[in-house]
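Trainee: Okay, so TrEMBL annotates it like this:
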- 44-72: transmembrane segment (TRANSMEM)
- 92-109: transmembrane segment (TRANSMEM)
- 116-136: transmembrane segment (TRANSMEM)
- 156-175: transmembrane segment (TRANSMEM)
- 204-223: transmembrane segment (TRANSMEM)
- 229-249: transmembrane segment (TRANSMEM)
- 353-375: transmembrane segment (TRANSMEM)
- 395-414: transmembrane segment (TRANSMEM)
- 435-456: transmembrane segment (TRANSMEM)
- 516-540: transmembrane segment (TRANSMEM)
- 560-582: transmembrane segment (TRANSMEM)
Amino acid sequence: MDCLNIVKMRKVEEKNAKKKEECTLDGSVDRKGQPAVRERTGSWFAAILILVNQGLATLAFFGVGVNLVLFLTRVMGQDNAEAANSVSKWTGTVYIFSLLGAFLSDSYWGRYKTCAIFQAIFVVGLVSLSISSYIFLVKPEGCGNEKTPCGTHSTFATAMFYVSIYLIALGNGGYQPNIASFGADQFDEDHPIEGLGKVSFFSYFYLALNLGSLFSNTIIGYFEDKGMWALGFWASAASALVALILFLVGTPRYRHFVPSGNPLSRFSQVVVASTRKWKVMIPSDGDELYEVDGKENSNNGSRNILHTKGFKFLDRAAVITSKENSTEIVEINNPWRLCTVTQVEEVKCILRLLPIWLCTILYSVVFTQMASLFVEQGAAMKTNISNFHIPPASMSTFDILSVAAFIFIYRRVLDPLVARFKKSNSSRGFTELQRMGVGLVIAILAMIVAGTVEHFRLKYKVTNCTNCEGSSTLSIFWQVPQYVLIGASEVFMYVGQLEFFNGQAPDGLKSFGSALCMTSISLGNYVSSLLVTIVMKISSNERMPGWIPGNLNKGHLDNFYYLLAVLTSADFVVYLLVANWYKYIKFEGRSEKLEGCQHV
């Protein structure tokens with residue numbers, strides 16, 4: 001009997017211990033759908049796995065993307081214009097697929113499942129590209145370097161190549177917006193310590209992205225430039241596979257949020273319901289509008305959003321008319337006639353985010369110059385130190401080092417210093433909107449510096465050499481300041497964007513918020529291409545072949561940089577107005593239902 005009593009007492013003690021386990025306050029769950037236990041899930045253990053995963057996946061992606069234009073010209077036999085156009089289409093497709101990944105994640109699959117599926121597609125695409133390059137494309141052996149182009153390819157080999165690179169675009173595009181949000185999910189923002197970790201995570205996430213691209217731009221890029229394409233692609237495939245394995249290893253430790261359903265239908269319901277009631281008077285008190293108890297949303301971690309005064313015409317969707325108040329509950333439960341305040345505020349939130357997002361596109365135009373005109377400018381400068389040649393594209397290393405340095409400076413020095421001088425009780429310095437504004441200012445300075453360097457490059461251009469047309473005696477290292485400034489601006493703008501769009505998106509649309517950052521970069525590429533076309537058409541005349549000709553010594557690239565500085569300055573003025581108009585989203589407190597942690 002004594003033994004039985006001891007066993008019973010131990011069972012009671014174990015049961016009481018489980019009851020005392022602290023759950024997260026944000027409504028996250030573990031992989032079994034039970035409330036997530038703080039000590040056994042999430043936090044930095046899971047986040048570090050995700051950061052390493054992001055670094056390896058970025059290495060794999062840029063292992064293909066950074067030299068894709070060279071592969072198309074040297075191996076696939078395309079001319080420069082056709083290859084540039086193909087890369088633009090491919091890059092744009094990556095970011096379009098980011099919207100698909102965000103939609104599937106927020107609506108149906110959840111972030112973990114979406115990341116796993118698209119990463120698997122990414123690996124398949126890279127393996128397919130490696131096999132097709134090794135067997136079919138890089139033939140005869142040793143071709144594909146600067147001196148030896150490859151021969152023609154069969155229709156099957158060409159088709160396999162394009163299927164492979166677009167599988168890579170699909171996999172990476174669908175994965176990217178979700179991995180950032182999934183990493184942030186591992187921190188309970190309602191917890192004082194984990195909440196600070198969530199803010200820091202986005203900086204480290206962007207650092208991991210840059211460190212991954214650093215290896216691609218240097219080591220893998222070097223081998224590919226020498227014609228060892230299959231080796232470079234296999235290295236990328238191996239990196240992506242290791243990234244996927246590490247991601248799956250962390251499965252027991254991840255925290256999850258239940259998908260909230262199709263956001264397009266929720267938005268449409270608000271528009272339809274408000275249109276049906278366009279003659280209905282809107283009550284002056286927002287408390288009179290229809291809302292459900294926040295406990296109904298606690299199962300998926302979503303919170304009610306507090307009512308705001310803007311976009312009042314949408315409030316009609318939440319007005320309870322006499323018909324709905326007096327007739328059947330069916331009317332109340334029909335979202336095409338009556339929507340909750342939270343549902344209306346979701347639409348308002350997206351409408352408020354769009355002007356901010358539009359203002360970030362011109363910054364992306366500046367950012368894209370680093371991979372295009374900065375490289376062309378560097379190629380027209382003195383690129384030799386003794387007998388060593390410096391590849392102009394490798395100067396982006398200074399951008400990556402700048403990102404790493406300024407993330408440390410911002411987190412450890414600048415942010416605490418600003419917080420000390422602020423009158424508010426917040427432990428943080430700059431708000432996300434303020435950071436993005438600083439990023440725009442630094443981008444303006446970067447363009448002014450780039451224009452100044454180009455002015456002096458033209459001053460020292462080589463005019464008495466037939467074999468070095470379009471070059472200058474000015475050292476390529478004069479480009480370092482402009483790369484450093486772009487890197488500093490990224491820390492303020494892109495990291496600020498990640499934090500802002502993720503924090504301000506409704507709970508059911510976090511991946512969509514991250515996707516906005518990627519689509520900003522995509523549109524920046526397209527706007528940059530359009531701007532160059534317009535400038536060349538306007539600036540070309542009988543005496544000068546435009547500002548950006550093939551021979552930069554005959555043009556005025558400095559004027560184009562100054563034009564970007566002026567346009568970005570105008571964008572900054574508009575941004576100040578929009579940021580001052582923007583109202584931060586306000587959530588209702590979490591339901592007390594989430595306090596207990598009882599496991600069956």
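Even glycines carry a Cβ here, placed using N, Cα and C.
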Trainee: Could you tell me whether the transmembrane segment (204-223) and the transmembrane segment (395-414) have 3+ CB pairs under 8 A, leaving out pairs under 6 positions apart?
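Mentor: In this chain the transmembrane segment (395-414) contacts the transmembrane segment (204-223) - 3 or more Cβ pairs sit under 8 Å.
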Trainee: Can you work out whether the transmembrane segment (229-249) touches the transmembrane segment (44-72), with the criterion being 3+ CB pairs under 8 Å where the paired residues are 6 or more apart along the chain?
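Mentor: When sequence-distant Cβ pairs are counted, the transmembrane segment (44-72) touches the transmembrane segment (229-249), since at least 3 lie under 8 Å.
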Trainee: Counting only pairs at least 6 apart in sequence, do the transmembrane segment (435-456) and the transmembrane segment (92-109) share 3+ Cβ pairs under 8 Å?
Mentor: no
Trainee: The transmembrane segment (92-109) vs the transmembrane segment (516-540): three or more C-beta pairs under 8 Å (separation of 6 or more)?
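Mentor: The answer is yes, given that the two segments have at least 3 Cβ pairs within the 8 Å cut-off.
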Trainee: Pairs of Cβ atoms less than 8 Å apart decide it: which stretch in 156-175, 204-223, 516-540, 560-582 has the most with the transmembrane segment (353-375)?
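Mentor: Top-ranked stretch among 156-175, 204-223, 516-540, 560-582: 516-540.
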